[in-house]
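Copied from TrEMBL, the annotated features are:
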- 63-221: domain 'Alpha/beta hydrolase fold-3' (DOMAIN)
- S145: active site (ACT_SITE)
- 275-335: domain 'Alpha/beta hydrolase fold-3' (DOMAIN)
- D302: active site (ACT_SITE)
- H332: active site (ACT_SITE)
Amino acid sequence: CHLIHYLRLSHHLIVLNYLIFTFDKLKSVSSEDINITDAIFDGVEVRVFEPPAKQDERLKRSVVYIHGGGWALASARTSLYNNLCRIMAESLNAVVVSVEYRLVPEVCFPEQFYDALRATKHFLQADVLAEYSVDPSRIAISGDSAGGNLAAAVCQQLSKDEHLAVRPKLQALIYPVLQAFDFNTPSYQQNMNMPVLPRYVMINYWIDYFNGNYDLAHSLLINNHTALDVSQAFSFRGHLNWTSLLPSSFKKNYKPVIQTTGKAEIIQEIPALLDVRAAPLLADNETLQLQPKTYVLTCENDVLRDDGVMYAKRLENAGVEVTLDHFDDCFHGCMIFTIWPTDFSAGIQTRNSYIRWLDENL
């Protein structure tokens with residue numbers, strides 16, 4: 001993929017997505033128990049999973065789901081996410097709306113955020129909820145990885161919309177990526193070379209999302225963009241102080257990496273690094289106080305572990321009811337790996353725990 005990119009034949013992410021779809025084994029779009037249809041919500045493609053109506057049942061609960069893939073890969077239509085959303089719809093007897101937001105490199109930030117926001121706000125309209133027989137008081141916003149990033153950002157935006165009549169009851173974030181401020185949290189240091197999502201890959205995803213220059217990767221890795229002399233970063237420093245937000249079992253013996261002198265021009269070139277719509281962990285306490293009841297799933301073998309743990313702690317400090325569901329023996333992305341030949345026990349374990357929480361709280 002990178003060779004093709006280097007030769008300027010195509011973008012490596014386009015090639016990688018082509019390979020994903022080529023090897024995807026999805027054969028049908030429906031099942032006996034779940035009706036699966038594709039629709040357009042305010043210009044955004046979605047896939048809707050509807051369980052059959054039960055006798056004497058009036059309204060169903062619902063989940064808006066946003067898939068992961070570094071804002072660049074995968075799809076609501078791939079077998080992995082199709083299977084996850086179908087099982088969610090069956091297990092919860094819920095209408096699941098899977099958002100097919102546009103990907104990098106076709107579009108970059110903030111377009112993915114706006115796609116997810118438009119689709120969600122469209123679904124929250126009274127007439128649309130009535131069309132799908134959804135209870136307006138029982139709706140969750142959820143997503144994994146980059147989808148968890150978009151779900152958190154959408155929830156924050158919805159919470160500040162004074163004209164919104166229907167608001168989500170819950171948000172459920174699966175190993176979410178929530179900040180590009182500090183690439184040296186304990187989990188980034190501990191798991192820097194962990195398969196599935198090494199640190200350099202996550203940094204490249206951020207650069208692609210912001211349509212930035214790969215030449216900045218090393219400076220980002222050593223936190224030059226948030227050095228002490230970068231004034232734009234000063235107001236956010238307390239929001240990501242992992243020395244106070246993480247438990248000692250996560251901090252271990254790792255030390256903060258805070259450069260005295262850095263490169264303010266990085267923030268000038270990519271101001272989105274400090275944009276709350278891209279990095280929900282940067283939100284102020286007033287915004288966090290408005291968030292719905294929250295579930296955060298984290299995995300020990302994941303560079304993003306501390307993003308989720310810090311967000312859970314900040315929400316809790318802001319008065320939000322939070323469930324932090326941490327798995328010591330699991331890895332980033334595991335929840336979607338439940339289909340042969342990638343049917344891992346970690347996937348079944350995390351998926352069951354996630355669905356159980358939704359079932360008990362939605």
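Cβ coordinates are placed from backbone N, Cα and C, and glycine is handled just like the others.
Remember, TrEMBL labels are computer predictions, not curated facts.
These figures come from a predicted structure and were not determined experimentally.
TrEMBL feature annotations superimposed on the structure.
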residue : record      : CB count, 10 Å
S145    : active site : 29
D302    : active site : 27
H332    : active site : 26
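Rounded to a whole value, the Cα-Cα separation of H332 (active site) and S145 (active site) is 8 Å. If you take the Cα of S145 (active site) and the Cα of D302 (active site), they are about 11 angstrom apart, rounded to a whole number.
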